[in-house]
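Let me begin by presenting the structure, written as structure tokens, before commenting on it.
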Amino acid sequence: MKWRVTWVFWAIMALHVAAVLIFTRGFLLTRTELPFHSSCSDVSDSPCFSRSGAAGSNGTGGSERCWTKPAVDRVVIIVLDALRFDFVAPSAFFKETKPWMDRLPVLQKLAFKEGSSAKIFKAIADPPTTSLQRLKVIPSTSDYISKLNPGGLPTFVDVGNSFGAPAITEDNLINQLIRNGKRVLMMGDDTWVQLFPHHFKRSYPFPSFNVKDLHTVDNGCIDNLLPSLYQEDWEVLIAHFLGVDHAGHIFGVDSLPMIEKLEQYNTVLENVISVLESQSGPGGLHENTFLLVLGDHGQTLNGDHGGGSAEEVETSIFAMSFKKPLSAIPAELGISCEYASDERFCISSIEQLDFAVTVSALLGIPFPFGSIGRVNPELYALAAGTWNMEKLKSDNPEYHFKSAEWLHNYANVLCINAWQVKRYIDIYSASSLIGFSSDDLLHVANLYDEAEAIFARKRDNFSSKSELSRLSTLKSQIDAYLKFLGSVAELARSKWTEFNLTFMGIGLGMMLLSLLVHVLAIKMVNELHNGSFNPIGSSGISFGLIFAFFIVAIRACSLLSNSYILEEGKVANFLLATAGVAKFRYSIMKRKRIFEAGLFLILICLLRFTIEIGLSKQAATSAFLHSSTSWMIGIDFNHPVLVYILQLLPMLALIGLAHLLHKSTADGCSQRICRFVVMGTIASYVLIVVYWASESNMLGLALINTARNVIPRIIYAIGIGQMLLLAFGQLFNGSKVVDHRSLFSKTVSMLSAWSPTVIILSGRQGPLIALASIVGGFCIVMLQNIEEESDGTAKPLVVNPLSVMEWSLLALSMFFCTGHWCAFDGLRYGAAFIGFDEFVLIRQAILLTIETFGFSHIIPVFGLPFLVLRHKLFAQKDLFVQLSLAYMMFGLIMAATVTVTILCVMIQRRHLMVWGLFAPKFVFDVAGLVLTDVLICLASLYYFCQPEDLKLETNTGGR
């Protein structure tokens, strides 16, 4: 019987994994990467090639032209990771001045000085806003490292590669630089050498994934940047700083380390600009150098990024040309910008998508084959002109001549730009199974033909027209090209991923099949042992089953709404409170367990409060805090007494946990292994107290960083040892019969083995959350079946579905109470480096998984046997059956909600928030489902010993 039940769990897990993989293949499709590369000779096939001066920066072609005539000789690209827009823009742009604003005054001074050769842009990134995606975009326009990619859009599935970036094989800006003889020097974030392993003339990579380290990468850049500016062995220099990103992750935006980092960057930029200006004279090394200071993405006030909020997708680009005289954009182009409140400053916007193709045009190299960006006119004008219209009046004939000359040059560049994009779209659609629809291709083709036709109709008599007529013609030509390029970009954003509905339908169907398997398995086990869902023995369906079904159905339906997904923690807490009120009502009616029912309601209220204002960084932007702060008036959270209380409280909670464990060994642990495991856990608790005391310097225990890393590693080692001890104990004693006492010992041992690791990774909130979990679980266990208990001797033969449902909702509430939410910016990356400074993918991924799902999945699954230990009069066979049913019901609830999530994602696949909300929700839910399945399978191997009376029945039947 044991293996029969265990086999069901493994089969369901396999079914879920297959369903998730198939659905994911249909939903999170990646853009097809084409193996083609642009070359200088390609442009001869374009309709732009035959035009006089097709790409010359001054209207004339020449032998030095490839696609466009080079406008700059050298480019310095300084990437400041997670650079928020309000780090760069003057505080006058915002309603309220914050401490972190105006900390880069050197950029503001240069950008807004009269006659300046510098400009600040607001850069808009496409989500997901992880650094890898932004890096792919810089070269390609997907993410800055991905942005140096071809200039294409990032795909959501790329997030999975953010911790182990594969080399980029698709054509990209870095590749074009190398193919065209440009030497590239790189320093800083080592992600660059992972993406481009053999591309750099010289490189100085530094490890980037230790978010606790604010200085190693930055100091490496500083040490190498200034000396490199005096060297002649490069045409493109890339320096990628990480300090602001790491400071945000650890301390948040509104923090002293963040301000110190920004001020450090200001000093570095002052030095860089000083060196470049000192050598920008005629014949100087940097006479024609172009400086770009940019962010790859923004960050929230909590320091998170990965989503699609304005704080995360808005960053900044500072561009400065050292060439004289300057160029300006003709007013006829109608460039718009955003003014500050005092109208002294104006900042234009640029799509990150446009970065790669604009830099390619400036350097005179072919545009990356997969680029769908446009050459930005303002960024291009900073370097691509040798005229100055600043002093010319609009009624001056020379003004119209210069304007027409500039517009003619820019129209020729856009012609090549549009031709490249059209070529890519045509080849992509012909080569990819997930290309654009025929209607979309027809629309794009019509826009392109219209742009070409405008110039063709007037090309013959263009030279004989007046300057004003030329300006009108060129303006129409440019508008047509920009309309085409904008349409392609929007089309790619909305339909780049053509969802495979067949795969998505199969995946959804398999999830529905898994629900049927769950139900049939529950029915089989229940009927096989003459169980009943009605505790008092009647043939009807119990209130608990009906109410549990009702609650699960409500929660499942709530997942179909984006608003309820955003408030999922509050929804779970409300439904848990609904069940708690029902239990409280029955406890009053029957005059039983009133204390436990009241305590449960109080706990739910505290959890609701915690979900709102948080014990973690999620509280930093809480709407509740901003709208309900009156209760906090007069409270100084920096008061020494309050600081000590907040530091001591988690340690006192740990002492309470240690006391509970010690009491459990005295009262219930019958196995020697259990006592050893609990002793190890109490020792780990002591180490955690020492670790936290050393962090806060409460007892003068300040430890050097290396020594501080030793304590978490010892705790991890103790936990691994405890697991191995329990595994060997099960392996050599697994044939022993199961009873209440041994099951209690096993459960306490498993939970105590996991708890120190989960607690230390969760931070100082860990002990408090652990105590809340114990109190909540205790109340659920004690109130089980209270609504249907009678005064007679009938006892329940089947675990109450309502209690399992409450257990599931309590676990979900713990996920949100610990400061997590279903988005990539809800991951607490710093936890992965507790005890370690260096990044190892598998190790850090395991630690991050334990921290994310510890209190919401690992502890609840292994603690589920407590639900069946409440009724000590059960026979051993009934205990085994109840434990099997409890895990089946728990798995069914999880599978049902994930199935609805999958259905929601399928329905909302074209929703505006599909990648910002529904896709992250899908990823977190399916990850939680697979983890739950794995844990249930492991729990079945650990807890399910064949009962003695069932053995006797089997032997008797065999005879």
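Quick reminder: no glycine exception, Cβ is built from N, Cα and C everywhere.
The feature transmembrane segment is assigned by TrEMBL to 6-28 (among others). Sequence-distant contacts of the transmembrane segment (6-28), counting only residues of its own chain at least 6 positions beyond either end whose CB sits under 8 Å from a CB of the stretch, comprise 155-157, 497, 499-508, 510-511, 513-514, 517-518, 521, 887-888, 891, 895, 902, 905-906, 909, 919, 922, 926, 929-930, 933-934, 936-937, 940-941, 944.
Sequence annotations record features per position, and here TrEMBL assigns transmembrane segment to 501-521 (among others).
Residues 533-535, 568, 571-572, 575, 578-579, 582, 785, 787-788, 800-805, 809, 893, 896-897, 899-901, 903-904, 907, 921 of the same chain lie 6+ residues outside the transmembrane segment (541-560) yet bring a C-beta within less than 8 angstroms of a C-beta in it. Per TrEMBL, the feature transmembrane segment maps to 541-560 (among others).
The transmembrane segment annotation in TrEMBL covers 594-611 (among others). Sequence-distant contacts of the transmembrane segment (594-611) (same chain, at least 6 residues past either end, Cβ-Cβ under 8 Å): 569-570, 573, 576-577, 580-581, 583-584, 587-588, 772, 775-776, 778-780, 782-783, 786, 813, 816-817.
Here TrEMBL flags 641-661 (among others) as transmembrane segment.
Sequence annotations record features per position, and here TrEMBL assigns transmembrane segment to 673-694 (among others). Sequence-remote contacts of a segment are chain residues at least 6 beyond its ends whose Cβ falls under 8 Å from one of its Cβ atoms, and for the transmembrane segment (673-694) they are 647, 650-651, 654-655, 657-658, 661-662, 664-665, 701-703, 708, 711-712, 714-715, 718-719, 721-722, 725-726, 729, 745-746, 748-749, 752-753, 755-756, 759-760, 764.
Here the transmembrane segment (714-732) has long-range neighbours at 671, 673, 676-677, 680-681, 683-684, 687-688, 746, 749-750, 752-754, 756-757, 760, 835, 941-942, meaning same-chain residues at least 6 beyond its ends whose C-beta is under 8 angstroms from one of its own. Annotation source TrEMBL lists transmembrane segment at 714-732 (among others).
Here TrEMBL flags 768-786 (among others) as transmembrane segment.
According to TrEMBL, the feature transmembrane segment maps to 806-824 (among others).
Feature annotation from TrEMBL assigns transmembrane segment to 845-868 (among others).
Listed as Cβ neighbours of the transmembrane segment (880-905) (distance under 8 Å, sequence separation of 6 or more from its ends, same chain) are residues 1-2, 5, 8-9, 12, 16, 23, 27, 507-508, 511-512, 514-515, 518-519, 521-522, 525-526, 529, 531, 552, 555-557, 559-560, 738, 743, 797-799, 801, 804-805, 807-808, 861, 864-865, 867-868, 871, 874, 914, 918-919, 921-922, 925-926, 928-929, 932-933, 936, 939-940, 943-944, 946-947, 950. Sequence annotations record features per position, and here TrEMBL assigns transmembrane segment to 880-905 (among others).
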Are there residues at least six beyond either end of the transmembrane segment (845-868) with Cβ under 8 Å to its Cβ atoms? List them, or say none.
163, 743-744, 746-747, 750-751, 754-755, 757-758, 761-762, 769-770, 773, 777, 780-781, 784, 799-800, 803-804, 807-808, 810-812, 814-815, 817-818, 820, 827-829, 831-834, 874, 879, 882-883, 886-887, 890, 927-928, 931-932, 935-936, 939, 943
Contacting positions for the transmembrane segment (641-661) when only residues 6+ beyond its ends and CB under 8 Å are counted
635, 678, 681-682, 685, 688-689, 692-693, 696, 698, 748, 752, 755, 759, 764-768, 770-771, 774
